[in-house]
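Annotated features, as they stand in TrEMBL:
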- A:445-455: compositional bias 'Basic and acidic residues' (COMPBIAS)
- A:456-470: compositional bias 'Polar residues' (COMPBIAS)
- A:444-470: region 'Disordered' (REGION)
- A:16-33: transmembrane segment (TRANSMEM)
- A:45-65: transmembrane segment (TRANSMEM)
- A:72-92: transmembrane segment (TRANSMEM)
- A:107-125: transmembrane segment (TRANSMEM)
- A:134-155: transmembrane segment (TRANSMEM)
- A:175-191: transmembrane segment (TRANSMEM)
- A:211-230: transmembrane segment (TRANSMEM)
- A:236-252: transmembrane segment (TRANSMEM)
- A:257-276: transmembrane segment (TRANSMEM)
- A:346-367: transmembrane segment (TRANSMEM)
- A:379-400: transmembrane segment (TRANSMEM)
- A:412-433: transmembrane segment (TRANSMEM)
C-alpha cells in the first residue's frame, strides 16, 4: 500500500476539455449511424445529444464544487463509452423490422436515470468512508438482492432466473449486488485483515486462517455462488467469485489464496460440467465452434459466437463504417455481442481504441486505490475496478472465443438498464475515492477522519471500564 | 451523400476516437509513467518552490528493532520486531496481549512498510495516541516516540 506522490492539482479544466472530445465522439457516433435515414437531424437526435451533454455538464459542475480533486479522465471515458454504446444500439434498432420494439429509447432513458443516480450518489455520499459503517448491512442487502429473483417477483429469461419484474420493466438485482458485496468485502477485510493473516494454524508453508475469522466471508461466498447456481447464471457467479478472490488477495497479499481460489474454480467448474447440461454445451460450442452440427444446435449452439467472428472478419482492420455493416445478423447484437458489432463497423482500429478506453478507466480506478490513504477505500476501489475489468475480460474474451461465452454485460455499452445503473454508481464511488486520493494531505493536527463522530467497528473488549475520549 | 464523404466520415470517426484516447493519455502523462520521481516521491525543484510543504526532507532514521513497554501493567516487557505485523490488544490472539482495562480486544496494529513501522488504530473504544495526538489513520512511528494505548505506553527502540 504505497502512497504515490503527485502534486495536488484540481485539473477540472482538463476534464472539461476531455468531456468536449468525449461528447463529440458520443454525438458524432449517433449522427453517423443515422446518416442513411431521410432526416438524420430529427428531434430524437437533438434530444438525445442535448440531454447527454447537459447531464455531463451538470456532473462536471458538481465535481467542481463537491470533489474538486477527483480524477479528471474517468467521467469523459465513461461518457464516450456510454455514447458509443447508445449509438450502436440505435443503429441496430434501425436495422430491425419495423414491427419490433426499439431498444434505444429505453436504453437512453436508463442512461439518464443512471447518470442521475450517479450524481445523487456523489451528493449523498460525500466521503466513501461512510460506507464502512454499512459493512454488515451490505452483506444482508446483497443476500436479499440475490434472492429476489427466486421469489415470485422473479422472471425467467433464456433459462436464467436473474431478473425481477418491477412494473415498468425488468431489473437485474445481481448487478447492484456486486457493489454491495464489494462494500462488504472491503469493510470486513480492512478490519479483520490481521486476524485472517496472523491468527490460525500453520500447515507447511500455508497459513490457514481460523474458521470464525473467515466465516462471514465464506457465508458471503456461499450466498453468491449458491444462489447463482439456482439461478443458472454462470457469468455472475464468475464475477462474484473473481471479486472475492481479488479482494482477499489485495487485502492479504498471499499468493496461496489465489492458488486455493483457482483450485476451487477447477473443482466447481468440473462439478458444473457434470451437473449442468448447459455448461457442458457451452464448453462444447466453444471448442468445436465451427462444426456444422454444433453451429446449428438449438439450444447451446455456437451460431451466435461464430456469426460474431464472421462479423469481426468482415470488419477487418478499419471496419465497414458505422451503419454500413450487418451486425444485426448476430442474435443479441445489442447486448452480449455489442463488442463484435462495434468490431465489425469500427474495425480492429476502433475496437482497440475502445479496449484502451476500458484499460485507462480501470487503471484510473487502481490508481485511486494506490493513492487513497485508508485501507477500506483502497480495497473498495480495487474491488470495483476489478469488477469492470473482469466483466470486460469475460465478455470480450467470450465473443472472440478466447474463453467460453458467458452472459455478462459489457460495462456502459450493452443494452440493459440495471448494468448501466450499477456501473454509473461505481463511477461515482471511484470518483469519490480518487478525490480522497488526490486531495492535498491535511497538514498540522490530524482531524477526525470520520465526519460524524467516532464509530465503533470493533465491539469494546468486554465493556468493563470505559474512558471518555477527549 | 457521396461515397467519398461517407468514407471520409468513417475514417474521421476512427481518428476522433483515437484523439480521445491519446488526449486522455497525454492528460495523464505524468501519472502514467512510473518514473524516478514517482517512485522516490521526491518533488522537483519547481514543484518544491510552488508547494513548500512538499520539500521537507525526511530526517535520517534509525531502524527500529525492538518494541518496549514503558508504562502500564506490562512495564518492562520487550518484543523483538521481525518483518510481520504486530497486533496489540487484550484479545488472546494479539501478538502483545495487553492486560489493560482501557484497551480494546483488537486495539491497534503495528506494521512494517519499506524501512519504517506504521501504527494503525483498529477502531478501538478509547483510541490510540501517537506522541499525544489521537490516530485517525495509519501513521509512521519513529523510534522513541511514545504510543499510548489505554494506560499502556509503548515505544520502538533501535
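Glycine too: its Cβ is placed from the backbone N, Cα and C atoms.
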Intrachain neighbours beyond the transmembrane segment (A:379-400), with Cβ under 8 angstroms and 6 or more residues off its ends: 128, 131, 178-179, 182-183, 185-186, 189-190, 235, 238-239, 242-243, 246-247, 250-251, 305, 308-309, 312, 336-337, 339-340, 355, 358, 361-362, 364-366, 368-369, 372, 406, 408-411, 414, 423, 426, 429-430, 433-434
The transmembrane segment (A:236-252) and the transmembrane segment (A:107-125) contact flag, 3+ Cβ pairs under 8 angstroms: no
Same-chain residues at least 6 beyond the ends of the transmembrane segment (A:45-65) whose Cβ lies under 8 Å from its Cβ atoms: 10, 12, 15-16, 19, 22-23, 26-27, 30-31, 34, 75, 79, 82-83, 86, 108, 111-112, 115-116, 118-119, 122-123, 431
Candidates A:16-33, A:107-125, A:211-230, A:346-367, A:412-433; stretch with most C-beta pairs under 8 Å toward the transmembrane segment (A:134-155): A:211-230
Most Cβ pairs under 8 Å with the transmembrane segment (A:175-191), selected from A:107-125, A:211-230, A:412-433: A:412-433
Close approaches to the transmembrane segment (A:107-125) from elsewhere in its chain (Cβ under 8 angstroms; 6 or more beyond its ends): 48, 51-52, 55, 58-59, 62-63, 66-67, 82, 85-86, 89, 131, 415-417, 420-421, 423-425, 427-429, 431-432
Region pair the transmembrane segment (A:72-92) / the transmembrane segment (A:16-33), three or more CB pairs under 8 Å: yes
